[in-house]
Structure formats: C-alpha cells, structure tokens
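Database features (TrEMBL):
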- 20-40: transmembrane segment (TRANSMEM)
- 23-515: domain 'K+ potassium transporter integral membrane' (DOMAIN)
- 60-81: transmembrane segment (TRANSMEM)
- 146-172: transmembrane segment (TRANSMEM)
- 192-211: transmembrane segment (TRANSMEM)
- 218-240: transmembrane segment (TRANSMEM)
- 265-285: transmembrane segment (TRANSMEM)
- 297-318: transmembrane segment (TRANSMEM)
- 338-365: transmembrane segment (TRANSMEM)
- 386-410: transmembrane segment (TRANSMEM)
- 422-441: transmembrane segment (TRANSMEM)
- 448-470: transmembrane segment (TRANSMEM)
- 476-496: transmembrane segment (TRANSMEM)
- 527-790: domain 'K+ potassium transporter C-terminal' (DOMAIN)
Amino acid sequence: MDLDYGKCWDTSKKDSWKTLLLLAYQSLGVVYGDLSISPLYVYKSTFAEDIKHSETNEEIFGVLSFVFWTLTLVPLFKYVFIVLRADDNGEGGTFALYSLICRHAKVSILPNRQVSDEALSTYKLEHPPEKKSRSKVKMYLEKHKFLHTALLILVLLGTCMVIGDGLLTPAISVFSAVSGLEFSLSKEHHQYAVLPITCFIIVCLFALQHYGTHRVGFLFAPIVVIWLLCISALGLYNIIHWNPHVYQALSPYYMFKFLKKTRKGGWMSLGGILLCITGSEAMFADLGHFSYAAIQIAFTFLVYPALILAYMGQAAYLSQHHPTSYRIGFYISVPDSVRWPVLIIAILASVVGSQAIISGTFSIINQSQSLGCFPRVKVIHTSDKIHGQIYIPEINWLLMILCVAVTIGFRDTKHLGNASGLAVMTVMLVTTCLTSLVIILCWRKPPIVALCFLFFFGSIELLYFSASLTKFREGAWLPILLALFLMTIMFVWHYATIRKYEFDLHNKVSLEWLLALGPSLGIARVPGIGLVFTDLTSGIPANFSRFVTNLPAFHKILVFVCVKSVPVPHVPPDERYLVGRVGPAAHRSYRCIVRYGYRDVHQDVNSFESELVDKLADFIHYDWYRTSRTNSCTDDDVPRSNASSNECRLAVIGTIEFSGAPAFELEDSVQPASVSGGFPTVESVTDLIEMEPVRSGKRVRFAIDDESETDTQNEVELQMREELGDVMAAQEAGTAFILGHSHVCAKQGSSFLKRLALNFGYNFLRRNCRGPDVALKVPPGSLLEVGMVYVV
C-alpha cells in the first residue's frame, strides 16, 4: 500500500539537489505567477488618490518600506517558515487546514462518518490521540456545536474569497499589463485600445482552459523566470542610474514617517500596498504539487529578491522624477528602448498568473462539492497522468463573463485593486485563524504560541483589511457581494444535504423487511444488477422501499452503493472500496461504500459499473474463503446493536494478498481483499480492516490442511463459483442505476427563512444544476429515478 499516495514527493528520503532544483523551477510557473506580476500595479494603486508624491520623497520611501516589510513578514516568515509546515499529507490550502482540524478534534459536520475511515493510510495524525490529558481548547470546541458551524462558515468564507480572487486577478493583471500601451499610443488611441485588447486576452484565456494546464504548462516556468529576471534587471538599472541610496528606505523608520505625514490618507493607501502580496496564498494552496523545500528555495533565492529589486528600482526612479499621480506606474520607470519587449513579457506573465488562480478556483470548487457545500457541477480531468488537474465548464464560462463585465465596469486599476485587495486579505485572515488552531490541536503547542502567531500576523492583516474595507464604495463592495451570494448558495445546499441525510437515517427500513420480500408478496427478482445509490452506510434506504412499492420487482443482484467523502486529501485506490453482505449469501444483496478524499475527482473511473463488479467478485472470493475457516456472519462475529441493522462486516477490497494458511485451492487469478480488526460506525455497523503488503497481479493458490475437510471445502467452492456465476450472468443481463429524485420541503410551522431556503432556494438549485447521475457518470439508458419527497 502506497502510504504517500497523492504526494509528489517523499518526506522519508532527502530529495537530490537535481530533483529539488527541478521542482523549484517548475513551481515558478504554477505558484508564483500571480505574486510576481504585482509590481505592475502596486504603486499605481497606492498613489491613486489617497496620497500624493511630493518633492521630499517621504511618501515613496514610506511606501517602499511598507512593501519591503510586508513581503518579508507575510510571504517569507508566515508562509515559507510556518504555514507551509501545516500540510495535510503534502496538501495545502484552506481545506487542508480544515481537514487537519477535523481529524484531531470532533468538529466535522459531514454526515455518514465511520470510525473505519481512521484506518486509511492517508488519515495520519502527527501525534497519537491524547488519553490522559486533553487540550482545553479541543474540549471546548468539541462541546459547543455552534463552533462547528462557525468553523465551517469561516472555511466557506475563505473559499468564496478565493473564488472572488479567481474572478478579479485576471482582470487586474491583464488590464495592468496592457495599460503599458499608453506610452506607445496617443491618448485617443490608448483610450479605445486598452479595454478591447484586455477583454480579448481574457476571453482567449478562459477559452483555452478546457485543454488543461499541462498542455501549455511547459511554457509557464520560462515566462515567469524571464519576467523575474527582467524586473530584477530593470530594478538594478534604476537603482544604479537614479538613486543608489534608495536602500536606506528599507528602514522601518520610514514607515513611521510616512504615517505621521499622511495620517488618514496614508492608512487608506495601505489598501494598495497590500497588493504586493497577492498570490502568497498560492504557495500553500499548491503545496501538493511540489515539495516544501522546492517552494522555499524558489521564493527565497529568486522570487523574493527579484520583487524587492523591482520595487526598489521603481522607488529610485520616482525619487528623481515627480510625475502626477496619474502617471505613476510600472512602465514609467522602463527605458524607452526596451518598453515594447517588456510590455510583451508582462502580458505573457499576467496570463500565467491568471491561469494559476483559475486552476485553483476549479480545484477549490471541487473540494466544496466533496464537503457537500456546493451544487453539483461537471468536473472533467484534463490530464491522464497528473492527478488533480481539472476543468469545470459551467464555472469557467461564468467566471469569464463576470471577469469581462468587471473589467468593462471598473476600467481602472484603482477599483480593481481595491476589490482584489479585500479578497486576498480575507483569505489570509482565514488562513491565520485556522493555522492557530492547527498549532494547538495538531502540533500540540501551548496556547500562548498560537495566540502569539494569531496576534502578530493577525494584527498586520487586520490593519490592511481595515484599509481595504474603507474602499467599500470604490470597488471593495464587489468581493463582499460575491462572497455573500456564494456563501448563501453554499450554506443552503449544505443545510439541505444534512437535513436530507437525517431524514434518510430516520426513515430507513429494516433488514427483515428486505429479506421478507419474495414471491409470497408478489415481488419478483428480475435478471441484472441493481445499484441503489444512498448516503447511508447501513440500513435499507427509503427510496428503495418506495421503488419496490411502485414496481414490485428488483434485480437478482442488489448492491446498495454509498459514495462518501472523508476528511483526507486522497484515498488510495486500494482502500477506496468497502464491500459487505446485506443478509445471507443466498439473497445476493451487498453493500458497497466508495470513499473519496476532498481532492479526489469522483469521475476518475471510466466504468464505475465494471470496477464495482470486479470489487464484488474479489469480495466473494474473500468471503467464501473466510467462511471455509470461520462462520462469516454470526452473532459472535458481529456486534449487533439492534435487529434492524444486522449486516455482515465490511471488507476493504484492494489488491492485497490473503494472509494466513487458507484451506482450499483456486485456479483463477484473483485480486484478494485486505481485512483485519472491527470498527463500529456511528450507525452501529462494523467494518473490518486489515493492512497487508501489496502484491498485485499474483495468482493465489491455497493448500489443503486436512483431508477430512475436503468435502466441506468442495461444497464451499461450489457455492462460491455459483455466486460468482450469478454475478457475471447479472452483469451480462444489464445494470440499472437506481437514484432518488428528491424534492425537499419544510415542515408545516417552519420559520420563514427555513421555508425560503428549502422550498425555493435548494429546489431551484437542484433543478438548475447537474444531477447526481452526472456526478456518478451514470449512462442515461440505465438510469432509474425514484421520486422522493423529503419533509424536513
């Protein structure tokens, strides 16, 4: 079993310098595209209206000092040295922090959780669970249910702001790059050229998304490297040529002088200065594609010094030139002889930076779906080799329309910068709050350490956040409005999903009811396989009883399928399927639980039906082998809390070889199961998990221990082959996918908000978004929908 599934690097071995430098080089095109293009618009946004550049140069030196220390404290100290270490199996981002917290404290509100999920190889804890002394913070979080909801809302807020950044970054990046044409065209031509060219580039950028990042990814790193070297060279030229003593402005004293002179105007201008750290969150969010050391090397030795030189060079030029605020910008400090090449490189770099945040938006929406917090959308893999590169058509075209609309509506860097700054700073505040919880719950550090981290970095980010918030009427309203809209959709969808699950849980039917169905009640068993999809991990769902009531027949092979998410980034394929029986073997009814991580894409199997049948056959091999040695489903085997949930143990079906000395011989090549130890779920179902070394693709041969048992073994083998034959015959007869077509309505007497959310909001989203058949890749000709009304 691959314990490092989903990681691109191995922490148990030191990376060679060659591999490390290659990863660092590749990270430049994916991680640092957004951060590296910030010199295009930082000074222009800062000096837009709030402060003026005077002859004393105190303003420009103060801004440079703020930029230097902001870049040093937030991306370098906070992210590179602290936050990047809070990875979840090598994955980073808001959901990685939430996943870590949920695994170390019982604060998750995801339904259908099972204790057996903790046996996953990717369900790693930095420290074993505390038994004697428990953290007071952990106990307080677990005790108060409203904090679980508050934590989820915080994560959703960060998610919404990332989506907002995916809308705003292409607009401000491309617009700022194209605005360099003002120095090469007349004012009239510039006025009518910049906007159409910007919109055209944005449309082309989104139109190419369906090809996937990997098709053009080989160009990204060279473009960013050329851009970083370009701004470094320009910075050095301006420093040497115009003001070699500009380095003195790096002293924090100039920040104090800046605020003392500009007062309220200087504080409000911080909303432009904070744009120098846009894209810093990408270092953590894209951690899963690169190693910690690679990202650290790339930022420390190339990106950070290149940005500092670029900002110092611009400040050196402006200190000897005092143009009007309208003329302050990146291109004014570029010599005329190289302005056109720099313009072309800047446009290419802005496209690369925009591409990274768009891909990140697709990824985070897919993760939101895994949490049950976003309506179903079609997710498409764009790479057969690289896991996690996805494309979402609906989101792509919606982002394109909104991005073009925002560009046309704002038409200037100031308003776009105000909107982008607020979104970026909100995401950073959310990351700071979640990381402080990780420090206490996961790293087991004293609360005072987490408080110091929260106070130090939180105060810096709150200062910038307050400055951005004052620009509400000047563009900052857009991310707030977008976040409110998206959070409403997410919360309504999640609330309805939880209520539906609770309804199914309380209305499931007993196993005895299923076993009693037969010819005596006029119920027929028809050829084929019936896959009944449900959110329940135990019991018979109500939609199946409704199906049998309206159509008195069901298939000879019946499989109750539950597709669920677990709080880990990836679930290895060998541990994805949990399979067990529902009732005795003669009934031919089974349960299959398919587990995915929050970064897994559910449509990663070309034929779910074929995969499921293969896992079913492997389970039958295992179960009959177990039967030959011990009774597979007895009162001693399975703890039974109540008669309605009597089900046999579930087995993890992968490519794991049987252990022990089996008692009969098989000539067929099989892929056995991995099993060991019982784990009761929250619904009193017992799972059986056992981890053995992977030896896939081997033929399993069993030796006979005792000749006196030959007759029994032969009988067991015959029964096993008969059951396998029934499964194969049912597969040839055809497979039906039985899904619930749900309509949710609030109970009588419910509050107005609940009726509005369920009767109108959720049902509207359900009707106008993708159905579960699309998410599960169900062939339209094999779909059977069962109408269900959920009164919650």
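All residue numbers here begin at 1 and follow the chain in the order shown.
Glycine too: its Cβ is placed from the backbone N, Cα and C atoms.
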Quick test of the contact rule: Cβ under 8 Å, at least six residues beyond the ends. What residues does that give for the transmembrane segment (265-285)?
30-36, 38-39, 41-48, 50-51, 59, 62-63, 66-67, 70-71, 74-75, 79-80, 83-84, 92-94, 162, 165, 169, 258-259, 295, 299, 307, 311, 353, 356-357, 360, 363-364, 414, 417-418, 420-422, 424-425, 427-428, 431, 463-464, 466-468, 470-471, 476
Seg_contact(the transmembrane segment (218-240), the transmembrane segment (146-172)) with at least 3 CB pairs under 8 angstroms, min sep 6:
no
Please work out whether the transmembrane segment (192-211) lies in contact with the transmembrane segment (338-365), by counting C-beta pairs under 8 angstroms that are 6 or more apart in sequence and asking whether there are at least 3.
yes
Honestly, do the transmembrane segment (338-365) and the transmembrane segment (146-172) touch, with at least three Cβ pairs under 8 Å and pairs 6 or more apart in sequence?
yes
In terms of Cβ proximity under 8 Å, which residues at least six beyond the ends of the transmembrane segment (476-496) contact it?
152-153, 156-157, 159-161, 163-165, 167-168, 271, 368, 371-375, 406, 418-423, 426, 468-470, 744, 757-758, 761-762, 765, 792
Using a Cβ cut-off under 8 Å, which residues of the same chain at least 6 positions beyond either end of the transmembrane segment (60-81) come close to it?
35, 42-43, 46-47, 53, 246, 248-255, 257-259, 261-262, 266, 269-270, 273-274, 276-277, 280-281, 283-284, 295-296, 299-300, 304, 307-308, 311-312, 315, 318-319, 428, 432, 457, 460-461, 464
May I ask you to check whether the transmembrane segment (297-318) and the transmembrane segment (422-441) make contact, with contact taken as at least three Cβ pairs under 8 Å and only pairs 6 or more apart in sequence counted?
no
Are there 3 or more C-beta pairs under 8 Å linking the transmembrane segment (146-172) with the transmembrane segment (386-410), counting only pairs at least 6 apart in sequence?
yes
So what's near the transmembrane segment (146-172) in sequence-distant terms, Cβ-Cβ under 8 Å and 6+ beyond its ends?
34, 41, 94-95, 98, 101, 107-109, 140, 198, 202, 205, 278-279, 281, 285, 350, 353-354, 357-358, 360-361, 364-365, 367-368, 373, 399, 402-403, 406-407, 410, 413, 416-417, 419-420, 423-424, 426-427, 430-431, 433-434, 478-479, 482-483, 486-487, 490-491, 494
